[in-house]
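Visitor: One structure, as structure tokens, below. Some questions next.
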């Protein structure tokens, strides 16, 4: 059985025991964690215990806690994977002429990291794991013989190897559990069962890919070591992760914060309030980071004085590090900024959500509303008046999965380009990737399904071609980018920006031999009133705020006052903006101007005027090689 003491996580109930509280507080007074001393060493009050119990109850409907059966199933899966690793290393050792007696003792191990190792994984979440092998086992062995061993296992499905990734990985579904398995070879003859990966000297003489693979485990273990109370940390992090996902700011790929970044922010809050319970910690989290002076970095400890030649985050030495907007530095050597993808727009969106989160938790702590209010998902589509819709299409579901992964990894570059336009205040990308109904069921037009809805899958899809012999795409996915313009009535030309983005995606797809017939990407400008053409009615409905009076503790609460509507930055968007787009005629080079405010009849604009507009916006005057079709946005 997989060692339960290290990898099982039990949800601890909070007891109203004053003696235990005082004992815990006295223990924490003996040490200070983090770069600075704590802001407050105060212990919990009865109201804090009550609010924490309410917080835990409010998380249950969202599936953030696993049942005992699900937890044991994960442990059994990890145990089976561990045995396969041992079997593979033993067989590979014998194949390399190692004596059988030695091959039995060289070991090999599986380590978990990420949300599972932190103990904050939700129901149905995947597992991040690392395979550690001795020095005579190569990465090529891992992606060849071990891959074939996995392929022969009846429990393994959806097996795929990504050997050329920045961090090479094998992805699989093992008996119903999604697993991302990394590989690292240590410069050791054998790997004992209880081997600790925190020793920095283990990295000596390792290659960059092994160091990156080890980094996840080392960072996760260091975070757990640096928090004053692991159970309080875990419940707080569960709440913050749920809030971030519900508010659309949980995605490292798209320029928001990923799981390890949220974990480090919560860990820093725990260091500043070491004796506080989760309800207080959630409130203090918003208090601290809504006022944080970015780009001042968030550090959990003084960086280690280790010099093994690996690059570390240091703006004093590395010029590029000085341009990071929200640096959150990992606590294990080699220290890295986990938020280097954050852009000006995503930082603005995150800070706005911090500010609104503080306002809501202020009311919660005062008993004016319940925790459910914090986890209400705002309607992204009602916040903006202008959108760019990115559509990724392909002929079959396998191609679509790869195509969407590539495009999603490039969207943050488009956001950065849009931010450089002097007339765009915010380019807010919704991290949700919306799958469309099959295009052949909707006259070739995309229509997004609610998140989590399975796409109808034809087991043997018929590949159709148009009159020119080109494969017709049938699968489509969409991303929506909300735009906020300055309050000026101007024409904003994005032809060059959109064209550059699509060309970069196609260029990377060709270089990685990913491009297939039927794959396409296009961008369209959509106004809010046109969203019904792309979204089903349930996605456009404004969510009702939950009634919180039912769970109020005071026996006679005062009449609820209407909540003041907090003004979002997106409210500053204006309709006084014009778009420029190519004529519907495929061979036309004329430009047409459409006033978004009143939708009046287009007035022709010459190519010379277009070039003048580009000069005004400091864009290079370069003609587009491939004029867009009538469905594509090239300017807004």
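Every residue gets a Cβ built from N, Cα and C, even glycine.
Summarising the annotation, TrEMBL assigns ATP binding site to 113, 114, 115, 126, 127, 128, 180, 241, 250, 259, 260. Annotation comment: TrEMBL describes 126, 128 as Mg(2+) 1 binding site. According to TrEMBL, the feature Mg(2+) 2 binding site maps to 126, 128, 180. For 578-592, the entry in TrEMBL reads compositional bias 'Low complexity'. Per TrEMBL, the feature compositional bias 'Polar residues' maps to 595-610, 625-636. Residues annotated as domain 'Poly(A) polymerase nucleotidyltransferase' in TrEMBL: 34-227. According to TrEMBL, the domain 'Poly(A) polymerase central' annotation covers 232-376. Taken from TrEMBL, the feature domain 'Poly(A) polymerase RNA-binding' applies to 379-539. Feature annotation from TrEMBL assigns region 'Disordered' to 544-636.
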Visitor: Give me the sequence-ordered set of same-chain residues, not including 126, 128, 180, with a C-beta within 8 angstroms of the centroid of the Mg(2+) 2 site's C-beta atoms.
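Guide: What remains near the Cβ centre is 114, 116, 127, 129, 171, 178, 179, 181.
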Visitor: When you measure from the Cβ of residue 128 (Mg(2+) 1 binding site), which residues in the chain that are at least 6 apart have a Cβ under 8 Å away?
Guide: 112, 113, 114, 115, 116, 117, 180, 182, 216
Visitor: Count up the helix, strand and coil residues in the domain 'Poly(A) polymerase central' (232-376) according to DSSP, in that order.
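Guide: Final tally across the stretch: 71 helix, 6 strand, 68 coil.
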Visitor: By the count of other Cβ atoms within 10 Å, pick out the sparsest of the binding-site residues 126, 180.
Guide: 126
Visitor: Among all chains shown, work out which of the binding-site residues 113, 250 has the most CB atoms within 10 A of its CB.
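Guide: In terms of Cβ crowding, the pick is 113.
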Visitor: Over the domain 'Poly(A) polymerase central' (232-376), what is the model's average pLDDT?
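Guide: Summing pLDDT over the domain 'Poly(A) polymerase central' (232-376) and dividing by its length gives 95.
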Visitor: Once near-sequence residues are set aside, which residues in the chain of residue 260 (ATP binding site), 6 or more away, have Cβ atoms under 8 Å from its Cβ?
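Guide: In sequence order, the residues whose Cβ lies under 8 Å from that of residue 260 (ATP binding site) (at least 6 apart) are 114, 216, 219, 220, 223, 330, 338.
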Visitor: Expressed to the nearest Å, what is the distance separating residue 250 (ATP binding site) and residue 126 (Mg(2+) 1 binding site) at their Cα atoms?
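Guide: Per the Cα atoms, residue 250 (ATP binding site) and residue 126 (Mg(2+) 1 binding site) stand 16 Å apart.
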Visitor: Hey, what's the Cβ neighbour count for residue 115 (ATP binding site) at 10 Å?
Guide: 22
Visitor: Any idea of the Cα spread of the ATP site, 113, 114, 115, 126, 127, 128, 180, 241, 250, 259, 260, as a max distance in Å?
Guide: 20
Visitor: State the count of C-beta atoms found within 10 angstroms of the C-beta of residue 127 (ATP binding site), not counting that atom itself.
Guide: 23
